[in-house]
Every structure is written in structure tokens, then in C-alpha cells.
């Protein structure tokens, strides 16, 4: 987008913005008052080749070594039941790199990791060491964090609708920060935890998100006055505002609008209801590695306009998948095969949608199987061993002659990992697939449906160490 186009799009705005931090998009821009201008900014960012993704694939060799070592110890013809179960490789070095990238891109925003995303103890411990705080939504999650000798002031109880006994428990453990979005919740808090530091959760436009949350949580802006009035009448402590624009959003103008709406609530609380100045803005979660540059650019713009440096407001966020999705690789064993024709088959693995790939159902993810081990040979280095889509130029049927559907181990017909995939190799029983980037909302929601245990082992590596 040329500077002339930027100027024309922003002609109605009067404020000037400093350059985008930590990127090569350094020309000055005026603040963004309309959706078209934000859309143009996002197009510019998507087309800017200088804004590169974090090179997380540099860890591949160590991941392969760990996969190879684990599989090399398994003989599926003689092993005990369960020894050939699926397992994860967790790269703690990837978590470190992602944290450093967060600090670089969003230095003002303190992350509170969403424990529900992946409650692995070693990941939680590492994040705590790095200075990350925690977003908990239940007694169990609070317990998990506190059991690691983490101070309760590093927890936000980010569930707007809480069980009364959990509120009492939070009070007994001095967990003070808590979200709400309705009057009834305020009455419970007044009764069981009246000293809470409350964050009013507002609804957002998450219509482009894959995982929408405002259909369930968040007070609409037209109803904010009801909650502010109740806060004042009950004598409770309103500390700030929170929101969540959903996960997998394709339009980050929703972030800008949410920050703008939060500013409205801040001003309304002080000017119309005489409440003490609010001190916390919680910008929620939904951050994804693949779209981090776009979402953070818009977020920085919005914060600089509505909550500039020195405004006296602490900015926090609730990232989950951002820190763990690309840090975990799942390995799954081929347990059966049903041939349909010469080059077409149904493949069955020992993990599926009721296990560590429940993210297919609940999180709208599409795991990408790759060939790890075929016919006694490893193929990890071939990142193009499989494809979901054929075309006439780059990925042809002659290169990928074998068409398969991939299924989980349970007896439910819903347990399908991929309805159509194309393979370079004719998969056989005893082979292994690996699925990269399966660290978010996978093991945390696995079930034991049909009697299949899903306590997948985790092998830890650290690609940041020599």
C-alpha cells in the first residue's frame, strides 16, 4: 500500500501514530478510525516479507532424534500392551523462543498463560521461571498453579460464571483478580469474596473467529451501565476491563474495536459513576503463532491510541496456544489398514478425536499427518511426504499415488482424523505418523472413551541447549 493510499484512507483522522515497534514498517501513520483503514493495514502487513515468522523449525533435528530414539525401543510384535501408544515430543526451547518473541513484540503486555490450553507441569514451571503469570478457570487449575509455589497474585481467575464454592476457595487462597459479566455473579462475589479485584468482561465482535466466545461470555456495551451501577451499589472493587476476540480470527479489526470499547468503559466508570480509576486492561487470548504479526500490530496501534504509555493502566493478556501449539509434536502408530483398491485405503491409528486429536472437534484444528516411519525406514526429513490437496503443478497424483482416509482407534464413526489425504508411500501396519504443532487443546481434553487410555507420554527436549 503506497503512502498516498494510506494518507487518503486516513484523511479524516487527526492524530499521528509512531512507527510500528520491532518491525520494518516504520513510516508514520495516523490513527485508524474505520474498518477499511485497518483492513488496508492488515493487507500491508501480510504482504510485507520483512516481517518474518519466528524460525521454530530450527528445532527439527532434535525432535527427530527424540522420535527416532523412542520408536527404536518399540517392537510392536512383542511389546507389552500400551508400550506402542502415541506419545508427544515437547520442545521447551520452542517455548523459550516464543516467550522472547512475545517480549519483543508486546513489551507492555504481561502474559497470563491460559492453563486450560495445556496444563503440562514442566511447561507451567518453565513459564513461571520466565515470569509468565497464569489464567485459571477452576479450582483444579488454581490448585495446580499454587502447588508449584507460585504466588496467588500471579493468577487471574478468568471465568465470568463461577461455582460458589470455587469463589470461596479462591478467597481462602488469596486469589484476588477475577472476571465477571453479569449482576448475579456480583452478588455471589459480594457474599463470598468481597475484596476481589474485578475485571468486567465485555462482549466483542468475534464473528470471524474459529472459536467464538462472545456467544457465551461478555456483557454487551449497551448493558455495561447495569453492571457499573451494581458495582457501585454493592461497594465492590472494579479493577479493570477484560475481553476476548476469540481464537483463529481472520479479521483483527475486532481487536481495535475491543480496545476502543474498553476505553469507553474506563471513562464511563470514572466520569459517570465516580468509581476509582481502573488500573487493568485484559486483552484476552486467541493469539496464534501464524497470525501474530498482524494481531500484535493492530493491538499496538489500539493501545497507543486509547491506553498510551504512562496512562497508569497495566495491560495483561491470556495467551494459551501461542506458547505451546508449535512446541509439541505427536507420534501415532498405524494399527490397521483396510485396502479399498490398488492405491486407496483406510488407515487406523492408535490416537484420534477422542484422544489427543480432540482438537479436530472442539478447536476446529486440522492436524497434518506426515510419514515418520515406513517399512523400517525413517522419513522425518521429508516434510512433503503427505498432502491434503493435489494440484496440476506442484503436487500431482503421480508424486502422491496413495489416497487414504485416517481414523482413530475407537468404534465411533466420528473418530476420523482426515477424510482424504495423499501419500508418497503405501502405508502399512507398523508405520508411524507424526503430527507437528499439536500442543494446544489436545491432551488437556483427551478422554478414555471406549476404554482407550490417553495418558500419552511426553518426551522433553530443549533445542536452545547445545
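Backbone N, Cα and C define each Cβ position, glycine as well.
Per Swiss-Prot, the feature N6-(pyridoxal phosphate)lysine maps to 116; the stated evidence is similarity to another entry. Residue 116 (N6-(pyridoxal phosphate)lysine) falls within a helix when secondary structure is assigned with DSSP.
Long-range neighbours of residue 318 (pyridoxal 5'-phosphate binding site) (same chain, six or more residues apart, CB within less than 8 Å of its CB): 111, 112, 113, 114, 135, 156, 158, 244, 282, 284, 285. For the recorded site, residue 318 (pyridoxal 5'-phosphate binding site), the DSSP three-state label reads coil. The feature pyridoxal 5'-phosphate binding site is assigned by Swiss-Prot to 247, 286, 318, 319, 320, 321, 441.
Under DSSP, residue 363 (substrate binding site) is assigned to coil, being neither helix nor strand in the three-state scheme. Positions annotated as substrate binding site by Swiss-Prot: 362, 363, 412.
A 10 Å cutoff on Cβ-Cβ distances gives residue 411 (active site, proton donor) a total of 9 other Cβ atoms nearby, all chains included. In the three-state DSSP scheme, residue 411 (active site, proton donor) falls into the coil class. Residues or ranges marked as active site, proton donor by Swiss-Prot on the basis of similarity to another entry: 411.
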Cα-proximity to residue 116 (N6-(pyridoxal phosphate)lysine), 10 Å cut-off, over recorded positions 363, 411, 412:
none
State, in Å as a whole number, the widest CA to CA span among the substrate-binding residues 362, 363, 412 given in the record.
19
Which ones are near residue 363 (substrate binding site): of the recorded positions 319, 320, 321, 411, 441, which have a Cα within 10 Å?
441
Pairwise CA distance, residue 320 (pyridoxal 5'-phosphate binding site) versus residue 362 (substrate binding site), rounded so that it is a whole Å
15
Counting across all protein chains shown, how many other Cβ atoms sit within 10 Å of the Cβ of residue 286 (pyridoxal 5'-phosphate binding site)?
29
By a simple count, how many Cβ atoms lie within 10 Å of the Cβ of residue 321 (pyridoxal 5'-phosphate binding site), its own Cβ left out?
25
Where the distance is taken from Cα to Cα, which of the binding-site residues 286, 319, 321, 362, 441 turns out closest to residue 411 (active site, proton donor)?
362
I'd like to confirm something. Which of the binding-site residues, 286, 319, 321, 441, has a Cα closest to the Cα of residue 362 (substrate binding site)?
441
